[in-house]
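For reference, the structure is listed below as structure tokens.
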Amino acid sequence: MPATSTPISTIIKWFPDRRGLATGLAIMGFGFAALLTSPIAQFLMSSVGLSNTFYILGAGYVLIMIVSAQFIKRPTAEDLANFKSEDKEAVSLTGGLQMTANQALKTKTFYLLWFMFFISITCGIALVSAASPMAQELTGMSAATAAVMVGIIGLFNGFGRLIWATLSDYIGRPLTYSLIFVVDMAMFVILIFTHSPFIFAVALSLLMSCYGAGFSVIPAYLGDVFGTKELGAIHGSILTAWAAAGMVGPLLLSFTHEVLKSYYVTLAAFIILAGLALCVSFLVQREFAKLTDLTDGLD
């Protein structure tokens, strides 16, 4: 996914008034790519073997990426000449401030956003790895039903990227992230107390939509705060949180389940983490105000 930083940062520059919608569509494609490639890979493996499958897919990816890259370019002044935003806040929360990646990495705001993103992905990616066994253990759901549920939550993961990111264009990125953590906390509580397979599946689906939202809202969030001058580099830097979460989330869940023989402690820990991230989201909004005041003082 780090390779997506370049096209996503370019998309944001083309649609400054609808950053959420633009990134949501792009990152939704990333989420749904497995639906397209998985059956192709299965067909190739059964036809030409595992090694040849990698060669064929690799060659196909290289060809598609090289051709597609020819159409990626920054918008010129003429391209944006007719752009008129009805919502100035949607364009930049900091009044047009344009930071370099080096400058952004020296701000407290960057690390607060990093932590928020880390918590969002940690909780979500842990559930992805254990959705089926957790549903079977906590609600008595059959293995076949759990397999269907895993497919459904995958759809919520994909569409959640678009829906939450689009919502952020209208209510702002800070409020959107705060809502994501509120929903996370509520759904984790439901997972702990419900014994209904249906309610469990609904709660898990909403959690997966929030997990997907973490990926799609953060690029626009970064553009709002630091500008788009070096957004690709800034986005790439914050994706280190995803790498860390990919290790911490599944390991935390599997370790606690192995030692305590229960998922409840991990779910309770996720409630606390989401609550902490919610508090951090309020701190980010305060840092926004400081950056905005700084920019206003330069005008």
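One is the number of the first residue shown, and numbering goes on along the chain from there.
Every residue gets a Cβ built from N, Cα and C, even glycine.
TrEMBL annotations: computationally assigned, not manually curated.
Features of the protein shown, as given by TrEMBL:
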DOMAIN    1-292  domain 'Major facilitator superfamily (MFS) profile'
TRANSMEM  21-41  transmembrane segment
TRANSMEM  53-72  transmembrane segment
TRANSMEM  109-131  transmembrane segment
TRANSMEM  143-163  transmembrane segment
TRANSMEM  175-193  transmembrane segment
TRANSMEM  199-222  transmembrane segment
TRANSMEM  234-256  transmembrane segment
TRANSMEM  262-284  transmembrane segment
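Counting Cβ pairs closer than 8 Å and at least 6 residues apart in sequence, the transmembrane segment (175-193) and the transmembrane segment (53-72) reach fewer than three and form no contact. The average per-residue pLDDT of the prediction over the domain 'Major facilitator superfamily (MFS) profile' (1-292) is 84, rounded to a whole number. Contact between the transmembrane segment (109-131) and the transmembrane segment (21-41) is not supported, since fewer than 3 Cβ pairs fall under 8 Å when only residues 6 or more apart in sequence are counted.
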